[in-house]
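Trainee: Before anything else, here's the structure in question.
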Amino acid sequence: MERVNTKWVAAAASIWIQSFSGATYTFAIYSSILKSSQSYDQSTLDFVSVFKDIGGTLGIFSGALYTAMTSKPDGRGGPWVVVFVGLVQWFLGFFFMWASVVGLIAPPPVAVMCLFVFLAGHSLPFFNTANVVTAARNFSHYGGTAVGIMQGFLGLSGAILIQLYHAISGEGNPATFILLLAIVPTLVIFMTMPFVRVYETVTTSDKKHLDGLSVISLIIAAYLMFIITVQNILGLSRSMQIFSFVLVLFLLASPLLVAVRALREEKQTLSSLDCPVLDTSALLISPSPNVFPGLDHVVTEDSNILEAMSTMNFWLLFLAMLCGMGSGFATVNNMRQIGESLRYSTVQLNSLVSLWSIWNFLGRFGAGYISDTFLHKHSWPRPVFMAITLGIMSIGHIVVASGLRNSLYVGSVLIGMAYGSQWSLMPTITSEIFGIRHMGTIYFTISIAGPIGSYLLSVKVIGYFYDKVAYDNSCFGSQCFRTSFLIMASVALFGSLVASVLFFRTNKFYKRLVAKRNLK
């Protein structure tokens, strides 16, 4: 069994879990039936959707559980326990949501529906903590790339789940999609979670095999984009939809080839001692225990959550994420309603949600890989990429606000990539500034900024201005969302300025970090 359990098998298992756990990004597929079956107006639907976002970013409990399960000296527990706790919440949330929609149970009060949506969303921090933090620990010298891959597959999962939906039921009833979410990912995650384990080793071949996983992720993303485009333009028969999804499953199995190759090479190098394996306790190169001189403002190694919250850097990250993640959440939650107001067809709307997953993936993967490259080669601090991507997000909001032909497609590309970037940059920056021991707790505490921003922008901005111009809960034309997106453009631009402040505060720290890493 030990022969099977390597950090590359753990990475492959984590990829499968991430690939089937991003149901929060498909909310636009079933939001319409949730709205009609429960007789919600737009503001109520936006209010309910916020609890999905709250659950999806409330990771204090998952972070604490991960720390407890991976700190036991007797080896009991492990990341799989964290995954299992999330899996129970996932199944209960989606099953009772489906039961409410199809009438298996009486229509619940809004507060109870919020609980169902919260449970489904709250599973995500448990999956994400187990997979992202474990990847960061297993591949400590290339944390940005490893985190980017894991976050990237989570971004792709929306498109993968929608392809599953098309393969099983064609266009079907969105209620069927909710039932599929309750059953299929539950089975997949249950079978793969035992393989997610921590291996505190570093080998000189890590970069090569991570690049292999990166290539696989790009191939899967390109294939999904091709299938979505063909389906949108030409349409696909039921048999072709089934065949295309089976091919997705084969592509998802390909990380196992990387695991086999890595295992073979490690055996060869161990026998020849050409590539020694080193134990490491500094899992991501953490700052030294002392305050860096100058204007670095980076305090201690492996800060706990209270120590982190006492620093200005924590609150700068929090505020930047409130602006960036908040406006991103608000966009994806209202994607279907925006498309309907512009009279997009059902196929176009589903394609738009699927393509959002592709742009989300490119942002997550690209930001991790590119920031790693520029950090290693040019000592560029990661916060500079956060500032750049939030500026791009602001431009995307302006494009959507214009209401021009295909503006939603173009705007969703910019917003989706910029939004995805934050999910790769923020956890990596967190681990570097505050250390990795309490990374899960600090990372998801900062992530709470997302649903706070989503609530303010979805309910108080989008819902308010939509209902103001809507007639009988419906609105058609570019005026339905124009004001809201201009406001969100201003918010994203402010977030870019906040990230710029973080960049200047940590500039010298990152230069010292790279110098320290190069000495190892």
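Heads up, the Cβ atoms here are built off N, Cα and C, so glycines get one too.
Reproduced below are the annotations present in TrEMBL:
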type: DOMAIN; residues: 312-520; note: domain 'Major facilitator superfamily (MFS) profile'
type: TRANSMEM; residues: 9-30; note: transmembrane segment
type: TRANSMEM; residues: 50-68; note: transmembrane segment
type: TRANSMEM; residues: 80-99; note: transmembrane segment
type: TRANSMEM; residues: 105-127; note: transmembrane segment
type: TRANSMEM; residues: 139-165; note: transmembrane segment
type: TRANSMEM; residues: 177-198; note: transmembrane segment
type: TRANSMEM; residues: 314-332; note: transmembrane segment
type: TRANSMEM; residues: 352-371; note: transmembrane segment
type: TRANSMEM; residues: 383-402; note: transmembrane segment
type: TRANSMEM; residues: 408-429; note: transmembrane segment
type: TRANSMEM; residues: 441-465; note: transmembrane segment
type: TRANSMEM; residues: 485-504; note: transmembrane segment
Trainee: Give me the stretch from 9-30, 139-165, 485-504 with the greatest number of Cβ pairs under 8 Å to the transmembrane segment (105-127).
Mentor: 9-30
Trainee: For the transmembrane segment (80-99), give me same-chain residues lying six or more residues beyond its boundaries with a C-beta closer than 8 angstroms to one of its C-beta atoms, as numbers and ranges.
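Mentor: Tertiary neighbours of the transmembrane segment (80-99) are 17, 21, 23, 34, 55, 62, 65-66, 69, 105, 113, 116-127, 129-131, 175, 178-179, 181-182, 185-186, 189-190, 193-197.
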Trainee: Establish whether the number of Cβ pairs under 8 Å between the transmembrane segment (9-30) and the transmembrane segment (177-198) reaches at least three, counting only pairs separated by 6 or more residues.
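Mentor: Yes, the transmembrane segment (9-30) and the transmembrane segment (177-198) are in contact.
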Trainee: Across the domain 'Major facilitator superfamily (MFS) profile' (312-520), what does the pLDDT come to on average, as a whole number?
Mentor: 86
Trainee: Who are the chain neighbours of the transmembrane segment (408-429) in space, where the CB to CB distance is under 8 Å and they lie at least 6 residues beyond its ends?
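Mentor: 132, 136, 143-144, 147-148, 151-152, 154-155, 284, 317, 320-321, 324-325, 327-328, 331-332, 335, 338-339, 342, 344, 352, 355-356, 358-368, 371, 382-383, 385-386, 389-390, 392-393, 395-400, 439, 443, 446-447, 492.
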Trainee: When you scan the chain for residues with a C-beta under 8 Å from the transmembrane segment (383-402), skipping those not six or more beyond its ends, what do you find?
Mentor: 320, 323-324, 327-328, 331, 338, 363, 367, 370-371, 374, 408, 410-415, 417-419, 421-422, 425-426, 429, 478, 481-486, 488-490, 492-493, 495-497, 499-500, 502-503, 506
Trainee: Which residues of the chain, 6 or more past the ends of the transmembrane segment (139-165), have a CB below 8 A from one of its CBs?
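Mentor: Same-chain contacts beyond the flanks: 7, 11, 14-15, 18-23, 25-26, 29, 128, 131-132, 172, 176-177, 180-181, 184-185, 202, 206-207, 210, 213-214, 217, 220-221, 224, 227-228, 241, 244-245, 248, 252, 280, 282-285, 350, 353-358, 360-369, 371-372, 375, 382, 420, 423-424, 427-428, 431-432, 436, 517.
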